[in-house]
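Undergrad: To start, I am sharing the structure in question, which I have written as structure tokens.
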Amino acid sequence: MTKVLVLSDTHGYNDRWLAVMKLHNPDVVIHAGDHLTTKKFMDQNATFWVAGNHDVVGEEIQMFELEGIQFVLMHGHQAPRHDLKQWYKMLVDQAKSYLCDVLIVGHSHIEHYETIDGIQVINPGSLEIPRNPRKLPTYCNLNLSQGRISDLTFHFPRD
């Protein structure tokens, strides 16, 4: 089993990110952009990461495989943000060309999980600037096992 921490939109506030990493001790850390920090910090603290619309370092899209699962990672600013349902559909349409099983995005600052056209879409929300109705910061943990996501949990830290 592989333990994965997924986060996004930390916007340069790294203390909570580092505390969450210490709390969960993940095997893999995925950051979906708007990190607003240095390449060195990202390389030291994230296994896979992309640039968001506020970042000056990083690739826009990463593709990788974990436990036999094909992932595409992008921030989400690659599609115009209309209503969220339409926005996710546009991102999935882009991701289809990569033949992925899972698409991880950020940008909206709102946690989300659903399957669209056979692709699992995960948005961990924002650890620092949440826009969900409760205005709580969010991140996500995944457990990967035998070619599938065996557990997906959103967390809402209050400290």
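Residue numbering: from 1, along the chain as shown.
Any Cβ shown, glycine's included, is placed from N, Cα and C.
Because the structure is a prediction, the values reported are computed rather than measured.
What Swiss-Prot lists as Mn(2+) 1 binding site is Asp9, His11, Asp34, His109, and the listing cites similarity to another entry. Annotation source Swiss-Prot lists Mn(2+) 2 binding site at Asp34, Asn53, His75, His107.
Walk me through where these features lie, including what they touch and how far apart they are.
TA: Within 10 Å of the C-beta of His109 (Mn(2+) 1 binding site) there are 21 other C-beta atoms, taking all protein chains into account. In the three-state DSSP scheme, His109 (Mn(2+) 1 binding site) is classed as coil.
His107 (Mn(2+) 2 binding site) has a Cβ environment of 24 other Cβ atoms inside 10 Å.
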Undergrad: Sequence order is fine: just name those binding-site residues in Asp9, His11, Asp34 with a Cα within 10 angstroms of His107 (Mn(2+) 2 binding site).
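TA: Checking each Cα against His107 (Mn(2+) 2 binding site), the hits are Asp9, Asp34.
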Undergrad: Calculate the distance in Å between the alpha carbons (Cα) of His109 (Mn(2+) 1 binding site) and His75 (Mn(2+) 2 binding site), and round it to a whole number.
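TA: About 11 Å separates the two Cα atoms.
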Undergrad: Cβ within 8 angstroms of the Cβ centroid of Asp9, His11, Asp34, His109: which residues besides those meet this for the Mn(2+) 1 site?
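TA: After dropping the recorded site residues, what remains is Ser8, Thr10, Gly33, Gly52, His54, Gly106, His107, Ser126, Leu127, Glu128, Ile129.
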